[in-house]
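Asker: Below are the features listed in TrEMBL for this protein:
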- B:9-120: domain 'DUF447' (DOMAIN)
- B:129-180: domain 'DUF447' (DOMAIN)
- B:190-221: region 'Disordered' (REGION)
- B:203-221: compositional bias 'Basic and acidic residues' (COMPBIAS)
There are 2 protein chains.
Amino acid sequence: MGLLKEGINEVIATTHCNAAPIGIINRNRIARMVLFHHSHTATNVERYGWIVANFIFDPVLYVRTAFEDLPESDLVPEMVEGRRMYRLPDAEAWIAYNAAVERKTDEALIVRLRPLKEMVADLRLHPVNRGFNSIIDATVHATRYVMTGDPWLRKLIDHHASLVRKCGGTREWEALDLLLGYLDRAETGDCGDTPDTPAAPDKQGRSRTSERFRMGELNFR
Amino acid sequence: MGLLKEGINEVIATTHCNAAPIGIINRNRIARMVLFHHSHTATNVERYGWIVANFIFDPVLYVRTAFEDLPESDLVPEMVEGRRMYRLPDAEAWIAYNAAVERKTDEALIVRLRPLKEMVADLRLHPVNRGFNSIIDATVHATRYVMTGDPWLRKLIDHHASLVRKCGGTREWEALDLLLGYLDRAETGDCGDTPDTPAAPDKQGRSRTSERFRMGELNFR
């Protein structure tokens, strides 16, 4: 697990035809994820037993995958130990994992990750940018806010939105517009043309928001 | 300016025998800094006309340079176009700039930066970590909080401290302890053995906090 850092690594996890921001908890050299029942990622992990952690630094992609599905054409297949997995084509690095459910709670699966293959494709410098960082935080808060309506979360989202405007670049501003659009639609109950917005669980009752980033909200220390 | 990203790049800027976290504003392909009068960095820029932007991802170093001086032995000299400059030895990349005061306000210098030399030494992957990001945000807020006592800033510091505990690794926890120690000493007015803590401007009236990170707080869009 040379690429993971200690603590919670917020990656974009790809599973069978799906991508979602997930926190990988790396403590005592063991990597785990917490996946909420009925999320796409949880369903895929139970069915297929693998995930790929994509290290990528595009703020728009974090927001997009938090709230909607990527088309399958945005993923590329990768054969790992005889299994066909999927990853993001523009990931700077990725780790393919065997994913085994370690235990279940009423709310979630605790999944243990065993690395099968690590790849560094193209590392780039990402200077510390509080605008990018605020997109990540605002997205985490937004996925919870659309379910709880907690005014403290809204205050944090507004705080981070203001930092994005001040410190971000064009790509962060684009991500912010997208995020605020999802929030508006969730607040007005208008799901628009997006089939999988937070307010609308899909036919199997799986919610896009239920799996999103929740990891980062759990204390696994 | 290939290494800078659009927006505000929070780097550790080294000047003559000094290091401090500074935001470099990169808009419309022009790089600028805002430096508060009487800060070490402002004094050095006026006197020597150069800075080096160090890209480094050590949370402890961000906190430390925000509140105290590094010993000169923590910097290494670098000859750039015949001028002896200083940089951090462990920077993954750095840019040496000519720094010219473009204009002055009552409060600050607006400094235009012209890149002289860029160097990539050793890029590493830094997975998105909300603990690291929260150290940056908490440090920015702390440098203002020790001067204003604004309770909203204290609330943000506490919020980010909790994220550091949840999402960070050992190095982020170490940085948090250091930060909370500075805050305690500032709140109790006890400057301890540290000659240059926030509450105590040095003999020339220069304050460590006055130059710190303020950049990120100014709206330069």
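Glycine is no exception: its Cβ is also placed from the backbone N, Cα and C atoms.
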Asker: Just give the helix, strand and coil counts over the domain 'DUF447' (B:129-180), going by DSSP.
Answerer: 47 helix, 0 strand, 5 coil
Asker: On the 0 to 100 scale, where does the mean pLDDT of the domain 'DUF447' (B:9-120) fall?
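Answerer: Within the domain 'DUF447' (B:9-120), the model's average pLDDT equals 96.
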Asker: Where DSSP helix means H, G or I and strand means E or B, what are the helix, strand and coil counts for the domain 'DUF447' (B:9-120)?
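Answerer: Across the domain 'DUF447' (B:9-120), DSSP assigns the residues as follows: 21 helix, 65 strand, 26 coil.
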